[in-house]
Protein chains: 2
Amino acid sequence: VRCIFFYDELSQYVDSHQEEYVQTLRDWVAVESDSSDVLRRPDCHRMMDMTAEKLQAMGGKVELVDIGVQELPDGKTVALPKVVTAQFGSDPNKQTVCVYGHVDVQPAKLEDGWATEPYNLTDINGHLYGRGASDNKAPVLAWIHTVEAYQALSIDLPVNVKFIIEGMEETGSNGLDAMIVAQKDTFFSDVDYIIISDCGWLSRRPALTYGTRGNCYFFAEVEGPKQDLHSGVYGGTVIEPMTDLIGILDTLISPSGKILIPGIREAVAPLSDEEWKMYQDIEFDIESFKSKIGVSQLMYSNKVDLLAHRWRYPTVTIHGIEGAFSGPGSKTVIPAKVIAKFSIRQVPNMDPAVVKKQVTDYLYSVFAKRKSPNKLKVTMIIGAKPWLADTKHPLYEAGKAAVKRVFDVEPDLIREGGTIPIAKTFEDVTGKSIIMMPIGGFDDGLHSQNEKMSRYNYIEGTKLFIAYLHEVAHLKKD
Amino acid sequence: VRCIFFYDELSQYVDSHQEEYVQTLRDWVAVESDSSDVLRRPDCHRMMDMTAEKLQAMGGKVELVDIGVQELPDGKTVALPKVVTAQFGSDPNKQTVCVYGHVDVQPAKLEDGWATEPYNLTDINGHLYGRGASDNKAPVLAWIHTVEAYQALSIDLPVNVKFIIEGMEETGSNGLDAMIVAQKDTFFSDVDYIIISDCGWLSRRPALTYGTRGNCYFFAEVEGPKQDLHSGVYGGTVIEPMTDLIGILDTLISPSGKILIPGIREAVAPLSDEEWKMYQDIEFDIESFKSKIGVSQLMYSNKVDLLAHRWRYPTVTIHGIEGAFSGPGSKTVIPAKVIAKFSIRQVPNMDPAVVKKQVTDYLYSVFAKRKSPNKLKVTMIIGAKPWLADTKHPLYEAGKAAVKRVFDVEPDLIREGGTIPIAKTFEDVTGKSIIMMPIGGFDDGLHSQNEKMSRYNYIEGTKLFIAYLHEVAHLKKD
Ligand SMILES: [Zn+2]
Ligand SMILES: [Zn+2]
């Protein structure tokens, strides 16, 4: 295929439309599409409508897919935000990529410690502050503007581009798995590759993400007396559930971060020399990482250990305890039933089903040694698998070429410590290859106060996507 | 002193006025004098006014003592309920007793699991259900009716009777200590004995209470990152404050209830043979205690060990953790700052100031071994001493005689596992001897749902107080 790539024209077009792109992002951020708050559900619906209208106005073949209702704790139901699908081009001779993104956001209130109104996009020194700016509205818009730029310059899209945009990502993507399964042989049938831009760089250097950790989330409930008791009146006579719970939680992990549950560490894929070298080459400043999170010392003091434990080793976090006293001040209560919440991040070659058994068996055996009359119940409520791509896959080679063209550097090849379960679903259901191509900055503050998207990342990121479509067009069809 | 005691007449008078007493209790319970709820403060003021009016109508010399204001967390202040003092008789040839009680209550809502409206006294099979019925409105009324009965039959009170009734007991008796100190040489100058009836029996047998445990309440705060972190993104890189906190909490107490803080157990007064025998003689049904709290096994399986650990040995309770995730459901947070709340019940010969140092030193040393970069801060926010009376003191001999007259049994001599700090204050400030003479039943459900006062305890309790005044009159003046 002879191919002329009008990268400079496209790039100039993007530069000259920067203010328009920022304005569109401002309009999108203004919609408080917080999917965790049912009272904000009308905003979520409006956000999906706006997304669909935008894609429709560009001539896409757009659908708003009904994915049913959400059950609320009180038994009532509320409609889920519809999923937007869109298609630009259907040339069977071209590759077809499908871009996944989401336009719902985490909660945000000025009182949480924001310096600016979270839903009023505010430019401070080229940083665009606003909830959802980086996660994930600007990346979704960058993909839309990519298609728009090709259209505006009447340049044929080098690949067919599909979109799947959801509005429930921040609260667990309810209904999306079923929708993907249902459309496996329709919408997804001609998709060659799936692109996800729902993460960030590790440093100021662009990155390609090739792995995410999974997560097994556990509840450990210890139940004793039939009701909370006064610690003065009953303390010393009852075997307190809280003491039992603290006792078993303390056997999960050592002070130096070693997981003590038998079998967990043994399952982990060994770190290869090649991987070690990859980590060694990554740009990562431990000092700025430390000062960003405000600690004087990390679990590991060298880059490779630190990155490896962030991305490719499991970790145990104890999130908290339900049922115990948690307010300010003092209360002299013996809690009758306490439920610890902890999770274990999953990496290759761990299997959530095996982890469930390892954790459960271990905690029951540790608890049995206490000879407590209280009742322990361990349940795993989430079992999300890790995802790992091959960085030598042509998709990643194309990504490296695109980064090289736009930024004139090699990208960092990184993983995410967090879990993006939809990647594993796409892989398992559609069997397609996936690439994660972030454009957000390392300091964008996703899920935190003062989330931002920098103009630089937003605009150069759009160019990256433009270049990437060109590179993908040159891949041999599977 | 030649003395004729018209016990039968007084007793008959009480029996024949039972319905009137119940009605007065109903009127008092109807006042929602919940001192923990600032919005209920007008009800607390009204309750103090009603108490004062009742005593005034009986010809007492009554004062409503202003004890100042309460500071609220938002910096505002609200008036404390005034303290009611009253005096009946001032014959220098008679003993003077001062009865302490409170007319504020714990919170209660029907939705908490009450079978009846908590502020509508409801008679079910002779049990009078209502918030504050047993704690402490009926005992206060029983003392008032005691004086009234003598007055009604024109029988000279055998002793001078003073009252000090407060309205903040359930939330820490704010302002009362200062008021007692201030009136040490006025109101309290001619008081010989202080009587407290703010506790309950241990079984169906009447009891005299001669000791209460104190309480040292600790906050242990572990602070790490400057803000909460995402467990996926940061798990494995930071030393998590929650892991550190669980680790140090697990060193406080063994699964079998042994306190592991050096020096605590060593300080406790040894159990004498005599005390062992006293415990052995107490009527206490372990099986019904177990079924009441709903456990299959207690920390100790014999009566003496169980009672001793309830009353005269220290105990550690971990109440909960502030700052960690405590809601239902799941949240993937690494809490940045977590504060454990735990307390150690105090017994003779422990000293809160020493305990503070023992606990603090121990936790810092245990924490140091973890080599964590996080910051630990241990503070003791309450340090209430235990209180212990001599059961051979004439006050108790008089109590035994009164119980014998009314119930024709020997009372159980018991202690309270809980803390009644005002007893220690009275002792330390006034130097007077104190007796605790409960009339509430063992199953009255103080601080719980479905609190009740039985008619039997209310009416026979009034007779006990009548008989007790007579017995006290026969004590030699100190
Ligand atoms: Zn996202
Ligand atoms: Zn009370």
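Positions of Cβ are set from backbone N, Cα and C atoms, glycine also.
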Candidates B:D135, B:D192, B:D198, B:D412, the one TrEMBL lists with B:E170, B:H447 as binding Mn(2+) 1: B:D135
For the Mn(2+) 2 site that TrEMBL gives with B:D135, B:D198, which of B:H102, B:H127, B:H145, B:H230 also belongs there? B:H102
For B:D135 (Mn(2+) 2 binding site), which of the listed recorded positions (B:D104, B:H230, B:H447) have their CA atom within 10 A of its CA? B:D104, B:H447
Enumerate the residues of the same chain, B:H102, B:D135, B:D198 excluded, that satisfy the criterion Cβ within 8 A of the mean position of the Cβ atoms of the recorded Mn(2+) 2 site; list them in sequence order. B:G101, B:N136, B:P139, B:V140, B:E169, B:E170
What remains of the recorded positions B:D104, B:D135, B:H230 after requiring a CB under 6 angstroms from ligand 2 is B:D135
Running the recorded positions B:H102, B:D104, B:H230, B:H447 through a 10 angstrom C-alpha radius around B:E169 (active site, proton acceptor) leaves B:H102, B:D104
For the domain 'Peptidase M20 dimerisation' (B:211-367), what is the mean per-residue pLDDT, to the nearest integer? 95
Helix, strand or coil at B:H230 (site 'Important for catalytic activity') [DSSP, three-state]: strand
Cβ-Cβ neighbours of B:E170 (Mn(2+) 1 binding site) (radius 10 Å): 19
Whole-number Å only: compute the distance from the Cα of B:H447 (Mn(2+) 1 binding site) to the Cα of B:D104 (active site). 12
Among the recorded positions B:H102, B:D104, B:D135, B:E169, B:E170, B:D198, the ones with a Cβ under 8 Å from any Cβ of chain A are none
Compute the centroid of the Cβ atoms of B:D135, B:E170, B:H447, then list the same-chain residues not in that set whose Cβ lies within 8 Å of it, in sequence order, for the Mn(2+) 1 site. B:V105, B:Q106, B:G132, B:N136, B:E169, B:L446, B:E451
Any idea what DSSP makes of B:D198 (Mn(2+) 2 binding site), helix, strand or coil? coil
